[in-house]
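The block underneath contains the structure these notes are about, expressed in structure tokens.
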Amino acid sequence: MKRVRFAPSPTGYLHLGNARTALFNYLFSRHENATFILRIEDTDLERSKKEYEEMLMEDLKWMGIEWDEGPDAGGPHGPYRQSERLEIYMKYVDKLLKSGDAYYCYCTEEELEQEREKAIAEGRPYRYSGKCRNLTPEERAFYEGKSIKPVIRFKVPDKTVVFEDIIRGHVEIDTKEFGDFVIVRQDGMPVYNFVVVIDDALMGITHVIRGEDHLSNTPKQIVIYEALGFAIPQFAHLPIILGEDRTKLSKRHGAVSVRALKDDGFISEAVFNYLSLLGWHPKEEKEILSKEEIIKQFRIEDVNKSPAIFDRTKLRWMNGVYIREILDLDDLTKRAIPFFEGFGYKADYEFYKKVMSAIRDSIETLMEIKERAKVFFVDEFPYTEEIVNEVKSDENVYKVVEIFYNKIKNLSAITKEDFKNITKEIQKEYGYKGKALFHPIRIALTGEPSGVGLDLLVEVIGIERVKFRLERFLEYFG
């Protein structure tokens, strides 16, 4: 049985790079009928926070990513938080110490700094000298007597580590490049490269799918697998995600967390769809794909090794397609209501639904509701200096609004058809047409030079509010 995992640290919001890693693990698991595990890497006790863990899970679920085993779901390989697994890790540390594959290192920070400076002066990469590698019992006793808190280092064998990466192909790294590395810090906390091996081995992980920034960690982890006699999983290192300027994706590229995209009014299915295309592409030339279509076509072997480019304009376009064409109106309205309410636009469900029907073709994110929907909710809007000057300089503007008002003032309701018929009457009787007819009505009803169709607007807001806006305009400029 194939088993994969996503193992984030709860030290902040879910970054889009990590979300893409979670997504590709999820897609692999569903395509391969494998088990998907969520594991929380919270050994950084200072930075890890419970609220970040909760938000992380919320954001994954919002995206449509579900897991089979995890802190909330349970499972046969728990606990699924590293902070709850310390006893397990120390058992394997003891095993390595007893087998001679690990040792206590008493070197001070000053000594290590001198080693680093010497390496720099000699123009070579730094690796630990191995000073404490073969201490005698007497030497150890001497250091213990000085109350020096040791770290524990892994005794790295002198060899070339070779593995076949599913995405990157053949990889060879000489262990001379990194030397004996720390597996337990002075405070007694085991480090990432050690605990990740123990967790992956005991949880039966068969495929490790993660970002290429972990590529340099892989040989260190492989030598630990070998020392403990664990089966080595297959590795797949995903390409880095860059901004449009070809630098590493960061806050200066705008919203780069799932939470920020959600708050900015992006649709979860659009985010799922877009992130799936960062480094992978279906065989067919089609970009709008349902979750089921993506799962069916996704193969980890097809992931590209060159960097993926995060194109916000394309994400907005794709989000707009979901708003305009894919979500049904009721579903879209339910998702939009928190945005309406957040902007102070209060109404009942049916009114929200009518507004969404009117504006969905002109927005790319739900955040744009603030501006696009304003004309449906705000009756007392300011007249800009431009409008004031226009009305003063062209008497026809006021005249057209007055004619239109006289045509509708006795109506008890108004529909799109009524609006079209009335404007046709005005054209016929007074000769006003095109911009000369519709522009004055628009600025009287909205205070804007362009926007939503006027026939739609009058039908949605209703006759009383149409009269109120026209009367307000006529009184202001009369």
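Cβ atoms here come from the backbone N, Cα and C positions, even for glycine.
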Stated Swiss-Prot location of motif ''HIGH' region', expressed as one of 8-18, 206-216, 382-392, 415-425: 8-18
Of 123-127, 173-177, 248-252, the range Swiss-Prot labels motif ''KMSKS' region': 248-252
Helix, strand and coil residues within the motif ''KMSKS' region' (248-252) as assigned by DSSP: 2 helix, 1 strand, 2 coil
